[in-house]
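Structure record follows, encoded as structure tokens.
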Amino acid sequence: MGWTTPALAGLLLVCQQYRVAAQPTWPASTDDLEDILLLNSGYRARGFADGVTPCSKGLGPGRNTAAEWVRTAFHDMATANTYQGTGGLDGSIAFETSNGENVGAAFPSSLNTYAPFFSSRTSLADIIAAGVYTATRACGGPIVPVRGGRIDATTNGALGVPVPQNPIGTFRNQFLRTGYNSTEMIEFVACGHTLGGVHAADFPDVIDPGTHPDDFATLDTTVGTFDNKVVTEYLDGTTQNPLVVGKSVGTRRNSDFVVFSSGNATMRTLADAQNFANRCSIMFQRMIEVVPAGVTLTDVIVPYEVKPYDLQLTLLGGGTKLRFTGDIRIRTTQRSSIAAVQLAYKDRTGATVSTPINTDPTGTASGFDDTFAFFGFDTELPADTSISSFNVIIQLASGTTETQNNNGNGFKVDDTIIYQAPQSCLDGSGKLTAVAAVRGGATAPNLRVVVKNPRASPVVVPSLSTANVAMATQSAVGSYQLYSGSYTFSGSQAQSALFGVIVGSASDNFKNATVLPTSCQALGSSEPTPTSSTNYRFQGCYYDAGAPRALAAAATSAADLTIEKCAAFCSTYQYFGLEYSRECYCGNTLDATSTIRALSDCNMACAGNSAQTCGAGNRISLYSNTGYSAPSVTQVPGYNYSGCYSEGTTQRALMDDATASDTMSVQNCATFCDGSKYFGVEYGRECYCGETLSEGAVQQSESDCNMLCAGNSTQFCGAGSRLNLFEKLAASSSTPTPTPTPTPSSSVVSSSSSGFVTSTTVQQSSSTPGSSSSSSAPVSSSTSSSTPTPTPSSTSTPQPSSSSTSETPSPTPSPDVTSSSVASSSTPSPSSSTTSSTPTPTPTGPSFPGYNYTGCITDRVDSRSLTAKSQAVDTNSWATCAQFCDGYQYFGVEYGRECYCGDRLLSDPETRPDSECTMTCSGNSTQVCGDAGRLTVFKSLTVITPPGNPMITGYNYTGCYTDSVSARVLTDNFLFDGSAMTISKCAEFCNGSKYFGTEYGSECYCGAQFSAATQSVAQSDCSFVCSGDRTEFCGAGDRLTLYEKL
């Protein structure tokens, strides 16, 4: 229907709140106009509102663009004759700027602003209507519902715009001709005159030059605000409106007074601000919906909840694959917690494809009344099945999902004809060559080009012309036939031209020539080699508690951190994440506490690239490495993998030799065992060899061996009390059959310090007490028993932290030791009720030259009594252990073959009866080497100089200070070195910072000031020796060895 007559007020009031209108079905003829109306700023912004933002903006002194845009619409509409169905909002104002009724610069200026938005997709008249909505909202006025579908006039219209000198009868007739009665005329004029004013140059009979600033007299006192001051000031007698008072009275140009003064009944109703806004919305909508007969306007334009952009298929070389790219816009006005977006699609036959298309966030945009988020995708599809439609799946941070299906139609994708941008070009002479791929190729397509042609002055809006060019056959590629067509542009036509390729009812349209290269490239006959510049995929924004870390395997920090740098650092892990602008974390599993959050929660720019996002406080931008290979049991030449085995009943499964290393891998263990009949890897970093398998060592479930090798995260290396066992092949044996791959343990990888490490450190498995075999690698105080991988990783898409929030993450300290050591492979005996006491040497018990016997003391796998270093060997004896621990105050032997060193006994061990230390030493059957959970301990008679706090030139040692995982004291920079940290290394790294401090044996922090509260504590609290120099103290868990610049 044609909206040419006044609609019912009730209907218009409903339309004003146009958000209740039904959702449009994509695509629609108003899609370009919808963008112009809604995308003011941000990603894909059209910038239409820039000319009226802020409302006071003008193109010169005494100019107000918002008022000029409203006047332009009125002057275009005002010549309408609704009785005859002529005139109205039809863009004829473009041909009428020289008319005496349209005096002033407002009209050509407005049209000049509108011209770039005019195209074959959106008429000038529709843009003028959009200008009314935009000007009104920019000034704080009501929503003016906008419809599309106006058709532009090709010449000027009739005269008849109201002018100030008209008598009231003429005014009433003129407004009645356009559809407004006398009351509505008053309302309309009041609404139109809340903005702007009168220029002396244009209306010298209204104001005299030199009597107002910039020769411009405003119609009310709030020229830059859409409000009812024009009404209230008129009613209370304070108005300075030049069309009510002043010179205009004597010259009979006081048109506002003439229109308003009908007993003031209508004006008094407009004194209510809300009623004024409501009535102005209706009056302005009525104005822009007066159109010539035969024009059918669309429904009121409302924002899509989901809207695709630039959906593009591209046939790839060889013809077997199609590249599919585009953006999806999601309205976030009332949907702010989006976690991920996927496309669930159907193939060409309409069959649902099980694997969805993932998207990545590409930007956000906003308008006056709405906000939006965009999600881009770039994927490849089989050309023989292709795609026909998709639905959009929105995953919210709450865990719920929402499916948008385009009003049940799905979002259609047509692969009948495909514009081939890589094969198209625009050369230096202005010649466009466009290539299209037509499926089946039975009918030749056309190239359609729409160009803008300048008109003669004073018309500033160009005309449009369309050319159709038959396309010529090229080669066939797969099931597609290629065609080529050419068109040569004149002058600068290419800058604003739109073109497309069409065959039958199918088209691939609205392409821009300016983005094309100057030379065309042929489509290859063979499938191209993938050239993706990235090997990772965004998973979403996730919560990071800090203790424990979301990703705990490795970490680094850099002042120039980018996504690419973090990806490179974490290249051997399944996941990596960026946090708090400059922190990078790696891991193969995500902690159970880390759950997906709204994408908007990750809002900090990367330190090295402000265009990228690097998490936020307690928020990690999570990525998966697409080239990651899941860990597996590695086959070793000459050996057959036997399975996952338990330890022996009374001894190790393999007893001949053993070693432990933070670079352990299956190959390293095989090399170490050097041809042994059996070898096995255990607890991530341990290797055992033997010619026989001990009694009780039996095959277990393959899933029990779920710890990753410390030196190769793609391999499994047993678990607690579990070995991946390999047996040497007989000469005639054939290649072994691969064994099913277990799932990596959730406790595979842990930080050796507070969540930041530069090398992998294996964490204790949750094996049954009493049978665990382990290295006493640092164990987190908050280990999760199960750590799922990110929910969307298989199907979809996502600091030292500052004190920005109470949740702000920082490295998570562990209460354990700083260096790796081989742990007891047994479990402590049930605890006694005996009061714990620190062991002291006793005059009784075994004797060993140069040492006093301290006693049989308790030891725990998760909290070692001696923590400096350790080894497990089959030659273990008091002498070999003492030699290994040379330079330390204590050595202790445990479980027959294990040796531990330290300068003091930690964890408040108990002294137990010697009868609880009964296992013979593996290297000397006449000696006792502890037991399960029991250490036979000796103390050196030589006084060992304890670690201290060295002097650093230019700095003063301040003391031992508190620190917190949730609020780091020093936050400017940090460094972690699990093997070579020293006080001097930290000082050099901090490079003149006012403060620097070491923590947890291997961590270094720098700062110009304290970023959080801290206090001095006992020096004994800073008890960890530096990983690179055991003669120096490097803090402890939540304790800083602090230095201050002199």
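The backbone N, Cα and C atoms fix where each Cβ goes, and this holds for glycine too.
Feature annotation from TrEMBL assigns compositional bias 'Low complexity' to 744-839. Per TrEMBL, domain 'Plant heme peroxidase family profile' is recorded for 123-237. Annotation comment: TrEMBL describes 535-626, 638-729, 850-941, 954-1046 as domain 'WSC'. Annotation comment: TrEMBL describes 731-851 as region 'Disordered'. The signal peptide annotation in TrEMBL covers 1-22.
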Helix-strand-coil residue split for the domain 'WSC' (850-941), DSSP-based: 10 helix, 41 strand, 41 coil
Please spell out the DSSP helix, strand and coil residue counts for the domain 'WSC' (638-729). 11 helix, 39 strand, 42 coil
Can you give the mean pLDDT for the domain 'WSC' (850-941), rounded to a whole number? 90
May I have the DSSP-based helix, strand and coil counts for the residues of the domain 'Plant heme peroxidase family profile' (123-237)? 47 helix, 7 strand, 61 coil
DSSP says what for the domain 'WSC' (535-626): how many helix, strand, coil residues? 10 helix, 39 strand, 43 coil
